[in-house]
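Taking it in order: structure first as structure tokens, then the write-up.
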Amino acid sequence: MTMDGDSSTTDASQLGISADYIGGSHYVIQPHDDTEDSMNDHEDTNGSKESFREQDIYLPIANVARIMKNAIPQTGKIAKDAKECVQECVSEFISFITSEASERCHQEKRKTINGEDILFAMSTLGFDSYVEPLKLYLQKFREAMKGEKGIGGAVSATDGLSEELTEEAFTNQLPAGLITADGQQQNVMVYTTSYQQISGVQQIQFS
């Protein structure tokens, strides 16, 4: 993921969200105006303006719905407006995390956001419970990528990652649960592209 040297955020405009500096060290997330002069408008080949479609700005709603369905009973249903609400929230969350990671790059005068920047941003923004398992995933992913290059690409990175992410590897990394505002305990859900089932970890498979 790359960013321009003069930019204070990375591709935030593509998510329909802008980020501005306050005091040179903080971001404020602001929605774009939904007007004809919005940054989401562009000129087509005929010179007329055409707004970007929602599917071009947000994550595919089918993928969002698939993840949501994994958290409800098989007989449960999800209303369209609920899917659209989560779709927009997820896109804003991506911009939120990326903006914080971008600020770190800006301070260190780097142009590329790496995995450590994302983990640092999540820790800074209060998502500490997810940092350790994601750190482990990032480490295993990089090891799998190195192995792929070493053997000429005969084994894909995700295959190598699937083999190394065992139940034992996650035993001491995942918290038992999260405590919500009402005092209820929630299980931690980890989203991976690995097809190996890990006992005690609920996984979402992406096709």
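Along the chain as shown, the residues are counted starting at 1.
Cβ atoms are placed via backbone N, Cα and C, with glycine included.
If you look up Swiss-Prot, you'll see 1-52 marked as region 'A domain'. What Swiss-Prot records for 27-52 is region 'Disordered'. The annotation compositional bias 'Basic and acidic residues' is assigned in Swiss-Prot to 39-52. Feature annotation from Swiss-Prot assigns region 'B domain' to 53-142. Here Swiss-Prot flags 59-65 as DNA-binding region, drawing on similarity to another entry. The feature region 'Subunit association domain (SAD)' is assigned by Swiss-Prot to 86-97, with similarity to another entry given as support. Taken from Swiss-Prot, the feature ubiquitin cross-link covers K140. Look at Swiss-Prot and you will find 143-207 tagged as region 'C domain'.
Counted with DSSP, the DNA-binding region (59-65) comes out as 5 helix, 0 strand, 2 coil. A mean pLDDT of 52 is what the model gives for the region 'C domain' (143-207). Helix, strand and coil residue tallies for the region 'Subunit association domain (SAD)' (86-97), in that order: 12 helix, 0 strand, 0 coil [DSSP].
According to DSSP, the secondary structure content of the region 'B domain' (53-142) in residues is 66 helix, 1 strand, 23 coil.
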